[in-house]
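What Swiss-Prot records for 33-53, 77-98, 113-133, 178-198, 226-246, 288-308, 320-340, 347-367 is transmembrane segment, and it gives similarity to another entry as the kind of evidence. If you look up Swiss-Prot, you'll see His83, His182 marked as heme b b562 binding site. The heme b b566 binding site annotation in Swiss-Prot covers His97, His196, and the record cites similarity to another entry as its basis. Look at Swiss-Prot and you will find His201 tagged as ubiquinone binding site.
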Amino acid sequence: MTNIRKTHPLFKILNDSFIDLPTPSNISSWWNFGSLLGVCLVVQILTGLFLAMHYTSDTTTAFSSVTHICRDVNYGWLIRYLHANGASMFFICLFIHVGRGIYYGSFTSVETWNVGIILLFTVMATAFMGYVLPWGQMSFWGATVITNLLSAIPYIGTTLVEWIWGGFSVDKATLTRFFAFHFILPFIIAAMVMVHLLFLHEKGSNNPTGLNSNADKIPFHPYYTIKDILGIFILILTLISLVLFAPDLLGDPDNYTPANPLNTPPHIKPEWYFLFAYAILRSVPNKLGGVLALILSILILSILPHLYTSKLRSLMFRPLTQFCYWLLVADILILTWIGGQPVEYPFITIGQLASTLYFSIIVILMPISAIIEDEMLKMN
């Protein structure tokens, strides 16, 4: 008798995706982050659901409702901090996942890569709207500053901003709609993850060498399920440690002050995971130029498959491009640091240099180094 997991219409899909999936035998721990992102998404949806049961999306009570969750709800403080720090873990895994994709040439699977970029944009939008919900000072002013950027769009900018706000400033209507979108988007993300996996399993996983691995594949279960479970334990341990020992480490103290439209914080900045993009935005003196640079800082990932000039897929055997890659990583860390600094000399200049270098590495240095390597290895 054939096993039910191979015949049942529903189990068959799960079996082909997580059990009998042919997987390259040499994929490293850098391939763990896909499953870790899945765990992060589940944690965020569950904790978010419990928070939504007690949260009120009204400007007069939003801040108090978050205080109420932390003080009066059973383990409310734990749920709240799991959700807030879970977002940070989500972005750490996300950045490593994208970084691994760039390093090992996974972007040559164009459909999977493009769905991934859309997912990245959607997750960033969700996180931004979630940051507005506690209605602290940084929530309010962050929402005001970031939504105001849309006013840089010619002709329709101001109308568009007022339409998003639901009035002439960030107010009750804005908070209510942000809560509605913040609630629904994770489920849309979950659906898009299915599409991402669908495209991935169409061609199969890449591997560290970047070579065709059809001759050497092993079933996903038990080999990679065990490997993923280890990663999940490490992730949960890190998250729990962060929540229990330093819950406010990655937050902003200004967000413990209720939102006040009459008092601007001395330094408005988003959460740490947006700082690199925020630094790129600030480094362009022109408003519209800054907005375009901000969007391009993520959208530039979509042109990677078209800038791909090497005969070798992975950077494993390409030391020159490896150098450019790690230069890019260092540059993103510098941008993250600059995004959290005040707008004054020398931070402005460092930000402008780092932003220019960011785009230059991706568009100019990496493709050129690939051509040089091909020439040196006589690959042409």
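In case you wondered, yes, glycine gets a Cβ from its N, Cα and C as well.
Through the fold, the transmembrane segment (77-98) approaches residues 30, 33-34, 36-37, 40-41, 43-44, 47-48, 50-51, 66, 69-71, 116, 120, 123, 127, 130, 235, 238-239, 242-243, 247, 250-251, 271-273, 301 of its own chain, all at least 6 residues removed from its boundaries and within a Cβ separation under 8 Å. Calculated from their C-alpha atoms, the gap between His201 (ubiquinone binding site) and His182 (heme b b562 binding site) amounts to 29 Å.
Annotated pair His83 (heme b b562 binding site) and His196 (heme b b566 binding site), C-alpha to C-alpha distance, rounded: 24 Å.
Comparing Cβ neighbour counts within 10 Å across the binding-site residues His83, His97, His182, His196, His201, the minimum falls on His201.
Taking pairs at least six residues apart, the transmembrane segment (320-340) and the transmembrane segment (347-367) share three or more Cβ pairs below 8 Å and count as touching. Fewer than three CB pairs closer than 8 A are found between the transmembrane segment (178-198) and the transmembrane segment (347-367), and contact between the two stretches is not assigned (pairs 6 or more residues apart).
Counted as Cβ pairs under 8 Å, contacts with the transmembrane segment (33-53) are highest for 226-246 among 113-133, 226-246, 347-367. Calculated from their C-alpha atoms, the gap between His182 (heme b b562 binding site) and His97 (heme b b566 binding site) amounts to 23 Å. Note on the transmembrane segment (347-367): residues 279-280, 282-284, 293, 296-297, 300, 303-304, 307-309, 321, 324-325, 327-328, 331-332, 334-335, 338-339, 341 of its chain, located 6 or more positions outside it, place their CB under 8 angstroms from a CB of the stretch.
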